[in-house]
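Record features, source TrEMBL:
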DOMAIN    B:63-313  domain 'AB hydrolase-1'
ACT_SITE  B:Ser129  active site, nucleophile
ACT_SITE  B:Asp283  active site
ACT_SITE  B:His312  active site
2 protein chains.
Amino acid sequence: MVDYEFFDLGDFSLQRGVTLRDAKLAYKTYGTLNADKSNVIVYPTWYSGQHYDNEWLVGEGMALDPKNYFIIIPNMLGNGLSTSPSNNPQPYNKSRFPNVTFYDNVRAQHKLVTEKFGIEKIALVVGWSMGAGQTYQWGISYPEMVERIFPFCGSAKTSFHNIVFLEGVKAALQADAAWKGGWYDEPPTTGLRAVGRVYAGWGLSQAFYREKVYLQMGYSSLEDFLVAFWEGFFLKKDANNLLTMLWTWQNGDISQTPGFDGDFEKALGAIKAKAIVMPAEMDLYFPPEDNEYEVKYMPNAELRVIKSVWGHFAGGGVNAVDTKFIDDSIKELLAS
Amino acid sequence: MVDYEFFDLGDFSLQRGVTLRDAKLAYKTYGTLNADKSNVIVYPTWYSGQHYDNEWLVGEGMALDPKNYFIIIPNMLGNGLSTSPSNNPQPYNKSRFPNVTFYDNVRAQHKLVTEKFGIEKIALVVGWSMGAGQTYQWGISYPEMVERIFPFCGSAKTSFHNIVFLEGVKAALQADAAWKGGWYDEPPTTGLRAVGRVYAGWGLSQAFYREKVYLQMGYSSLEDFLVAFWEGFFLKKDANNLLTMLWTWQNGDISQTPGFDGDFEKALGAIKAKAIVMPAEMDLYFPPEDNEYEVKYMPNAELRVIKSVWGHFAGGGVNAVDTKFIDDSIKELLAS
């Protein structure tokens with residue numbers, strides 16, 4: 001039994017030209033929409049994450065408390081639950097799955113929010129990593145609708161270094177001949193394992209490994225962490241789905257929203273929502289410097305840095321201290 | 001015509017047990033050994049580098065001036081010129097090439113220095129990256145012989161994070177079925193290209209890419225830099241050689257020198273040489289923090305950081321400002 005629902009997007013035209021026919025947005029909601037529909041939080045997913053992977057930030061007594069808020073977690077296109085290379089019928093299946101942008105994802109989510117629920121205002125959009133990318137996109141695509149945004153460990157425009165990091169991930173996957181240009185029937189497990197090993201150095205910080213924090217996580221050695229956590233993580237994923245989301249990530253750029261013509265500073269300036277932008281100090285692919293730059297151009301934003309050795313995973317919900325810091329800051333933003 | 005010479009190591013027993021029979025150390029010298037043999041500098045090579053790749057730091061008016069010093073550049077075992085998987089006869093060829101440590105490399109170099117040249121004192125050992133690893137090893141293997149060391153962008157013990165970064169490099173290479181467990185006849189070019197793409201994010205810093213410094217280097221775009229520089233770089237290398245040196249790197253640890261039994265602080269304390277230890281501020285796999293720790297335990301060492309956006313490549317001889325900073329510091333060390 002699935003614990004989530006589907007919204008029919010119908011024939012959904014993408015920013016880069018292709019139409020996804022009979023597209024579906026998988027989502028889950030938490031809590032109850034109040035009478036004046038003023039208690040809405042949208043919380044998009046991250047790279048290969050599915051809605052349940054977001055649930056660590058939802059709960060009683062937390063900022064995202066279902067007693068107070070109606071929380072919608074939409075699954076990103078390509079994540080294996082919403083329309084994806086792995087579940088779309090031919091001809092746009094597997095390697096033929098089209099390029100999807102954050103703009104497309106947010107337009108799909110907007111259809112869900114407005115057409116399914118009749119919502120006109122969103123109290124908060126919040127997201128980690130690629131979820132942060134969608135969060136910024138909400139701020140620029142629907143500035144009159146979004147009251148607050150809380151992007152953490154992400155960026156409004158994917159940096160060149162981040163693009164290069166992802167090139168390494170992609171190349172490791174595609175080096176496996178079993179990938180077959182995407183036309184595999186059996187998963188390219190060697191490539192997926194290689195992705196795990198490439199990712200392992202990037203996802204956490206130098207200090208995380210120096211302090212052997214993986215032992216606290218229950219792994220018995222560095223190699224155990226690499227196999228049990230990292231290889232295991234990516235072996236569960238579909239290679240084409242990973243590549244679709246990777247393209248979305250690499251091409252993240254709010255200034256590609258219609259009307260901004262690549263003017264990044266102008267696009268940042270158009271985000272009206274009250275914002276806390278929260279990088280993690282030691283994040284190796286979303287370093288705070290890129291967010292510092294953004295916040296200078298955002299009219300209503302504060303930069304607040306997570307001090308942590310967890311690198312990008314400071315925002316992953318895997319350690320209580322960082323989770324509390326994030327949650328407290330969201331509470332503050334919601335109260336403002 | 002080759003521009004370097006070979007020293008016969010004979011049957012050379014390695015720290016981990018195997019004997020390399022009829023082993024050769026390729027080396028090149030610059031300048032003239034003076035009468036009292038007091039002007040010797042040893043300058044080991046880096047990961048996949050060969051002696052000519054070190055020459056940017058040698059020249060008239062520089063610290064390593066052949067008019068003043070007798071400079072020996074020994075090629076690391078496994079680098080394709082000294083005995084390596086690619087040139088060793090069977091049975092210890094290709095995938096059967098044994099594991100080589102920094103300790104082994106330095107013992108081989110010591111034989112060259114003493115048996116070939118009758119040298120008893122070394123004014124300076126200097127090296128970048130894995131060359132730095134060998135530099136520390138000289139300091140601990142032959143403390144009475146080495147007067148000064150200048151390891152830059154390297155470490156005395158390879159950090160866990162660095163090991164993980166290299167796991168990603170290795171996995172990307174080995175994901176290519178053409179690698180054939182090392183028994184290839186044709187090079188695994190897909191894997192070598194993937195190594196280039198994985199390495200690209202690590203070798204430079206986030207700021208390097210943010211500032212598009214690759215354009216100053218003569219590359220016309222990010223993709224041009226990835227293909228022309230990074231893929232091109234690794235396509236020239238032999239996969240088994242890369243894996244041999246990668247093992248050496250991952251297992252870098254001066255406290256595995258006989259007599260220290262894994263006691264890293266004790267080993268650091270045994271390095272008598274006057275030292276300047278020089279990390280680069282934004283080096284992603286040899287971050288300054290690891291060197292800070294080392295210097296605390298080294299009796300005669302100063303930490304001096306290269307301020308640069310070039311990351312690890314601050315020490316690669318590719319930009320004049322960092323090269324001058326390094327060269328000036330070596331001059332200072334030699335004069336002290």
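Glycine residues also receive a Cβ, built from the backbone N, Cα and C atoms like all the rest.
Each residue contributes its Cα atom, and for B:His312 (active site) and B:Asp283 (active site) those atoms are 4 Å apart. The local packing around B:Asp283 (active site), expressed as other Cβ atoms within 10 Å of its Cβ over all shown chains, amounts to 29.
Sequence-distant contacts of B:Ser129 (active site, nucleophile), defined as residues of its own chain at least six apart whose C-beta falls under 8 angstroms from its C-beta, comprise B:Trp46, B:Tyr47, B:Cys153, B:Gly154, B:Phe286, B:His312, B:Gly315.
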